[in-house]
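Asker: The feature N-linked glycosylation site is assigned by Swiss-Prot to N40, N93, N278, N297, N413, N566, N570, N581. As annotated by Swiss-Prot, region 'Pectinesterase inhibitor 28' applies to 51-204. Look at Swiss-Prot and you will find 252-548 tagged as region 'Pectinesterase 28'. Look at Swiss-Prot and you will find Q379 tagged as site 'Transition state stabilizer'. The disulfide bond annotation in Swiss-Prot covers C394-C414. What Swiss-Prot records for D401 is active site, nucleophile, and it gives similarity to another entry as the kind of evidence. Look at Swiss-Prot and you will find 570-732 tagged as region 'Disordered'.
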Amino acid sequence: MSYGYDDEDAKRKKRYVIISISSVLLISMVVAVTIGVSVNKSDNAGDEEITTSVKAIKDVCAPTDYKETCEDTLRKDAKDTSDPLELVKTAFNATMKQISDVAKKSQTMIELQKDPRAKMALDQCKELMDYAIGELSKSFEELGKFEFHKVDEALVKLRIWLSATISHEQTCLDGFQGTQGNAGETIKKALKTAVQLTHNGLAMVTEMSNYLGQMQIPEMNSRRLLSQEFPSWMDARARRLLNAPMSEVKPDIVVAQDGSGQYKTINEALNFVPKKKNTTFVVHIKEGIYKEYVQVNRSMTHLVFIGDGPDKTVISGSKSYKDGITTYKTATVAIVGDHFIAKNIAFENTAGAIKHQAVAIRVLADESIFYNCKFDGYQDTLYAHSHRQFYRDCTISGTIDFLFGDAAAVFQNCTLLVRKPLLNQACPITAHGRKDPRESTGFVLQGCTIVGEPDYLAVKEQSKTYLGRPWKEYSRTIIMNTFIPDFVPPEGWQPWLGEFGLNTLFYSEVQNTGPGAAITKRVTWPGIKKLSDEEILKFTPAQYIQGDAWIPGKGVPYILGLFSGNGSTNSTVTGSSLSSNTTESSDSPSTVVTPSTSPPAGHLGSPSDTPSSVVSPSTSLPAGQLGAPPATPSMVVSPSTSPPAGHLGSPSDTPSSLVSPSTSPPAGHLGSPSDTPSSVVTPSASPSTSPSASPSVSPSAFPSASPSASPSASPSVSPSASPSASPQSSIG
């Protein structure tokens, strides 16, 4: 088979380079998830003969940030072999034993701890390292069936895995914020080499991706268009269920509090979910408020939750950081099993603003979909932790950093509902946590609407709403074709703490509308980007999260590309009968559409119909779609000024209900600010926490291996209401 090159030797060399780099990369990944790996240097290193293996390792380590760690680690067990497969086998076997030993030591540390929060943090680390090992196993298998013409797909998966591993490591360390004793320092030292090796592995795969992109090999760079196909893991029965009206659905299990199903609680039902199956398993959760804490474990893949509507089926909890629980562990619902789908359900945390960080849902599942769902909380409501996620026609409510995490997530036609925070707290909406510039993660808000509850609108002058702030150094958020109300101040974005992340973040606004959409007075940090047409395309669902391979076929309205102008699109809408016969705007993608005073009628879908819902669909979805949103919301909160017509979803017509954010920092962050707007609270361990110390590496440099350089674990410091005040860390 020809790959576009005449020289057979050149082809052979390129193939060898790819296999070699992939193999050594895997070794790095294996070692990276090992806590306490030791790097032993040879006493006679000066006399060591430079072998073929050493030369190969030096070449592979060239693009990394921590070259010495890279070379020393790979040479430790490589001996004189230069066979990539043997290197992989040796490293894999040695690492599995190392991880087993570390697990035993971690358990011993847990048993010796007197501080309950420290015990919880150690348990959290143990869980997260286990997830990383699971990802490694899948990667090892993927590499075992290596196919040259599919290497680009393999690289995408490896980048996703490495990005998630960085998130796991950082979340482990974040859990020790506010703990007593030396457990946190012990784990930080043990993880130092692992953190460095993970960043090194990501550097290798990124370098390889760039190299392959320049090669322009047709067989590798061509991708099948899957918009008319169903994902490989979606069986025919599941497709029928997801596209059928609820009255016709015959789920595998029914949960009903009134006794009309097989089980009365969700956790009872989960005991009967098949483990590690490749077929979809559907759970119908009937109307009711389910006060239980639910975790969809890693083994529960291809699971579907279908409710009776986000105003009827509610999963409710109230755990909070203030109660002595790590932010990670406060989640009412945790989704870990890949290929998860939820429709017509509400997830809530009722702890309130006074309790600081309190997560309604934490999502780690790759290729997860949420349609017509509601996420209610205050600080840190939706924890989009890691991997690829897609949200359509959902409502997310909160005060501070209520959309945070390090996932690659697209929110299409969703409503961001700002709630009343504590006194003098500002309300930053997003707090993305990217730690490495090479991570394939970030938040994309496409065709969304920002609105406020009436209680918030009453204090919007004192508590401003911001589009977001940088939780970690390389925070990335793109907002496009979205309605931005008047309670978002002209500066738009809020700093985390001082100058932290302002040079290295990646924020961009594209063709937004509404009275707060003008960018002429936005902050001018080095990290604010003006994207070209070509660059914008990279952040659409089809390219950014490879959505064409797994979103179509679910009955979920899905726009795979760009909207034209203020919400119109010439892209295909798959999985629904919604039309996209709108004209293309001549505006440049980086141009802001002149804000209109009312939200556009005809947004592509609407959020849930619960009292806090904000948008009601102007266009009804066809019966039988995956949880088509109810047509009549019981209560509508709409923007004070309406967004331009043509948005992907429009708020209700009642302008008075739209609440604009105030300048105060969000209530409930770990370390809520004092009543004085200018006061700054030290960041806590939660997701949006401000840095505990100045980063050891300049923001413009690559992330330091030392965990202490990053901001606190979760947004735990509430931002001050005053724009001039340094925001306090609030994710924690």
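Cβ coordinates come from backbone N, Cα and C, glycine included.
What does the local environment look like for each feature on the list?
Answerer: Taken as a whole, the region 'Pectinesterase 28' (252-548) shows an average pLDDT of 97 in this prediction.
All chains included, 12 other C-beta atoms sit within 10 angstroms of the C-beta of N278 (N-linked glycosylation site).
N297 (N-linked glycosylation site) has a Cβ environment of 14 other Cβ atoms inside 10 Å. Classification of N297 (N-linked glycosylation site) by DSSP places it in coil, neither helical nor stranded.
Other C-beta atoms found within 10 angstroms of the C-beta of Q379 (site 'Transition state stabilizer') number 45, with every protein chain shown included.
Taking all protein chains in view, 29 other C-beta atoms sit within 10 angstroms of the C-beta of C394 (disulfide bond).
The Cβ neighbour count for D401 (active site, nucleophile), using a 10 Å radius and every protein chain shown, is 43.
There are 32 other Cβ atoms within 10 Å of the Cβ belonging to N413 (N-linked glycosylation site). Under the three-state DSSP scheme, N413 (N-linked glycosylation site) falls in the coil class.
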Asker: Spatially speaking, which of the recorded positions N278, Q379, C394, D401 is closest to N413 (N-linked glycosylation site)? Use C-alpha to C-alpha, please.
Answerer: C394
Asker: Near D401 (active site, nucleophile), meaning Cα within 10 Å, which of N297, Q379, C414 (recorded positions)?
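Answerer: So the list reads Q379.
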Asker: Across all the protein chains here, work out how many other Cβ atoms are within 10 Å of the Cβ of C414 (disulfide bond).
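Answerer: C414 (disulfide bond) is surrounded by 31 other Cβ atoms within 10 Å.
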Asker: Between the Cα atoms of C394 (disulfide bond) and Q379 (site 'Transition state stabilizer'), what distance do you get, rounded to the nearest Å?
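Answerer: On Cα coordinates alone, these residues lie 18 Å apart.
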Asker: So among N297, Q379, C414, all listed as recorded positions, which is physically nearest to N278 (N-linked glycosylation site)? Use the C-alpha atoms.
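Answerer: So, spelling it out, the nearest of the recorded positions is N297.
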Asker: Rounded to the nearest angstrom, how far is the Cα of C414 (disulfide bond) from the Cα of Q379 (site 'Transition state stabilizer')?
Answerer: 18
